[in-house]
Amino acid sequence: MQGPTLAVLGALLAVAVSLPTPAPRVTVYVDPPAYPMPRYNYTERWHTTGPIPSPFADGREQPVEVRYAASAAACDMLALIADPQVGRTLWEAVRRHARAYNATVIWYKIESGCARPLYYMEYTECEPRKHFGYCRYRTPPFWDSFLAGFAYPTDDELGLIMAAPARLVEGQYRRALYIDGTVAYTDFMVWLPAGDCWFSKLDAARGYTFSACFPAREYEQNKVLRLTYLTQYYPQEAHKAIVDYWFMRHGGVVPPYFEESKGYEPPPAADGGSPAPPGDDEAREDEGETEDGAAGREGNGGPPGPEGDGESPTPEANGGAEGEPKPGPSPDADRPEGWPSLEAITHPPPAPATPAAPDAVPVGVGIGIAAAAIACVAAAAAGAYFVYTRRRGAGPLPRKPKKLPAFGNVNYSALPG
């Protein structure tokens, strides 16, 4: 009797030992990092607000590379990395003897019939003989405030790192890289494992979620403005430090490096374009009833705004309704102690300088200046009159003898008179 009982107890003990130990839901102390310096010197240049280009401009003549990014565990980091062959592009610029190039990097989240702008960065007067982004001028990085709380660009500023992303982050992302007006698209299909990370930047009570989603027509009509729907954030060096610090305080381990995302073969699109429909009404009606479309709307703060009226999605349509997720607090809430706040490093575009009004002159001083001017004019007039009268009394000035041409070998002058 004892033998079978001990065997059963041993089997139960073995099963218990093999079960994963639940991670403690506590934060740990991590030395706050110092505010990092930029990798090189550059001038931060603001631009007047302008439209964000449409992510739906691809087609047969503009192929899209598709990658697959997956996370091993709910509380891990996730990397969206794909080489856009930018080194080859810069080498071709060197061969053309180009002295500089301009570039823009934009990230979107592609939904059913619409796209959410997530990140926008411009580079001007860049050196083609150096690595990408080594430029004389740069704009501040503009972010979706929710994504900025747990994601940051890679060191080359072409990839994207996410720390413990929540379930609603799953889906399709598109990176648009513009170099001197030529665009290269890369799509990333993000997959997350089952379960939720306890410290992900998502809380139903506080309502963290993405911002508005815009159909293709609103991008084409230049209604999606970068300074209206995106927020200025820390530079890449500081952004990486603040997210890594938050991640490590919750027990996370930052990998020493991230591998490139694997290739992915998407299902063939009907028109050879993007795997996501560009937002026409028929596609929205057909896909709005599917299970995936319903899940996407629930996980991303409500359905996109109506397309029939051509207006931007309303706050209620993007998470503003009661009981639905709403935009969260400022993404710099987890900044290390002693760091400047987000408000301290951000500034609006400088207003045009207005000339200052001249200071008022006292009445007494003005009268004195006028009297002195009148006296000077009177003295000058008196001097001119004195010289004129002297010349009249002396008679006309003697005329200089006129030189006449020689006659033979004799030179002579005409007599005065």
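Glycine is treated like the rest: Cβ placed from N, Cα and C.
Record source Swiss-Prot places CYS75 in a disulfide bond whose other cysteine, from CYS135, CYS197, CYS213, is CYS197. Here the candidates are ASN102, ASN411, and Swiss-Prot annotates ASN102 as N-linked glycosylation site.
ASN102 (N-linked glycosylation site) sits 17 Å from ASN41 (N-linked glycosylation site), taking the CA atoms of both as reference points. The topological domain 'Intravirion' (390-417) scores a mean pLDDT of 52 in the predicted structure. Each of the glycosylation sites ASN41, ASN102 was scored by other CB atoms within 10 A of its CB, and the lowest score goes to ASN41.
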